[in-house]
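**Student:** Take this structure, written in structure tokens, and hold onto it; I'll ask about it next.
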Amino acid sequence: MAPTVLHLRSETKHLEHRSALTPTTTAELIKAGYIVNVERSPERIFDDEEFEKAGATLVPEHSWVDAPKEHIIVGLKELEEKDFPLKHVHVQFAHCYKQQAGWENVLARFPRGGGTLLDLEFLVDEHGRRVAAFGFHAGFAGAALALEVWAWQLNHSEPFPGVESYPNEDALIADVKKAVKEGVEAAGRLPRVIVIGARGRCGSGAVSALKKAGIPDENILDWDMAETAKGGPFKEITDSDIFVNCIYLTSKIPNFVNMESLQVPDRQLRVVCDVSADTTSPFTPVPIYTVATTFDKPTVPVDGLTSGPPLSVISIDHLPSLLPREASEAFSHDLLPSLLTLNDWQNSPVWARAKQLFDEKVATLPESALQK
């Protein structure tokens, strides 16, 4: 039987430096008999030569479009918004299963071309637990940025400036500690932070960043399902300086915060980091903004407030790219056992479940989306 060919595409999302495959996992796949083609990429945190040394074949950027149909296309974030049908099996995050804006157009490209989406967000084991996720580093980066925005707001009237990725965690934390020191000098105290979803991967990452930045336990309110069971909005959020939302959303729940709950004279809340960033989802429990932010413009102000301090929202949907090397290594390591079964993915439980979900979602597409 011919070896299975994996084609790692270059990411097109602005400032996305992460990679679903790393040189380390590429070497393991090649050792197991796979052929790995890697598109050259000026953005990827790993140099092209690192993949070449691991045994991969370097191919031109965007060459996946013309790759043989049987090649499996591996990527990370969503494809560019184009209209041509997709013929391959694609392994990636597509962000089209939770009725996000434009989901029909994104999803319909696969059945229109005879292709298949195996969405990384929904790869689960037999217990329904995700086999690999960027949650920890998303929470870590989100909480780190939230601390920097809090300090910035106290000392500047203009919006928080753009940020770039860091070579490692130590460099990020050094910057955050410096910012917190400046914030404390202005506020006269350390910030109080509430993290909702604190027991999961994302929330534990957020709490880890807060502690490494010098925020003591007594200033961190770490909530999970038990604490939110009574239903919001929650005064504890507006009493905190920073709110980091780390919940994984699958259905509508009572709002954690809304415009009405923010209109209180004693509001302390200055920064919301919505790590979940389900900005356009009808399920969002943080319906106080409608704009997805970027590393170029990390915050969006909450308009319409009549009292209290300014309030900024961070809603970057690829926060782990702030720490691209560490985030990629951790994710790809966790994904590797599943990647090693791609040569028989139809009969591998993890991939078969992803295919079943794809089929279910395709069945909900309006006929008009399939006719383009």
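Heads up, the Cβ atoms here are built off N, Cα and C, so glycines get one too.
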**Student:** Of the cysteines Cys202, Cys273, which is paired with Cys246 in the disulfide recorded by Swiss-Prot?
**Tutor:** Cys202
**Student:** Among Arg18, Arg189, Arg192, which is the one Swiss-Prot gives for the L-saccharopine site where Lys77, Gln100, Arg130, Phe134, Ser276, Ala277, Asp278 also bind?
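**Tutor:** Only hit among Arg18, Arg189, Arg192 in Swiss-Prot's L-saccharopine site, alongside Lys77, Gln100, Arg130, Phe134, Ser276, Ala277, Asp278: Arg18.
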**Student:** For a quick check of understanding: given the listed L-saccharopine-binding residues Arg18, Lys77, Gln100, Arg130, Phe134, Ser276, Ala277, Asp278, what is the maximum Cα-Cα distance in angstrom, as an integer?
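**Tutor:** Binding-site diameter by Cα atoms for L-saccharopine: 23 Å.
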**Student:** Given a 10 Å Cβ-Cβ cut-off, pick out the one of the binding-site residues Gln100, Thr228, Ser276 that has the most other Cβ atoms nearby.
**Tutor:** Ser276
**Student:** For Arg129 (NAD(+) binding site), which DSSP three-state class applies?
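**Tutor:** Where Arg129 (NAD(+) binding site) sits, the three-state DSSP reduction gives coil.
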**Student:** With DSSP assignments reduced to helix, strand and coil, which class does Ala277 (L-saccharopine binding site) get?
**Tutor:** coil
**Student:** For Arg18 (L-saccharopine binding site), what is the secondary structure by DSSP, using just helix, strand and coil?
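**Tutor:** For Arg18 (L-saccharopine binding site) - judged by DSSP and reduced to three states - the answer is coil.
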**Student:** For Arg201 (NAD(+) binding site), which of the listed recorded positions (Arg18, Phe134, Cys246, Ala277) have their CA atom within 10 A of its CA?
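**Tutor:** Cα within 10 Å of Arg201 (NAD(+) binding site): Phe134, Cys246.
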**Student:** Measure from the Cα of Arg130 (L-saccharopine binding site) to the Cα of every one of the recorded positions Lys77, Cys202, Thr228, Cys246, Leu319, then give the nearest.
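**Tutor:** Given the candidates Lys77, Cys202, Thr228, Cys246, Leu319, the nearest one is Cys202.
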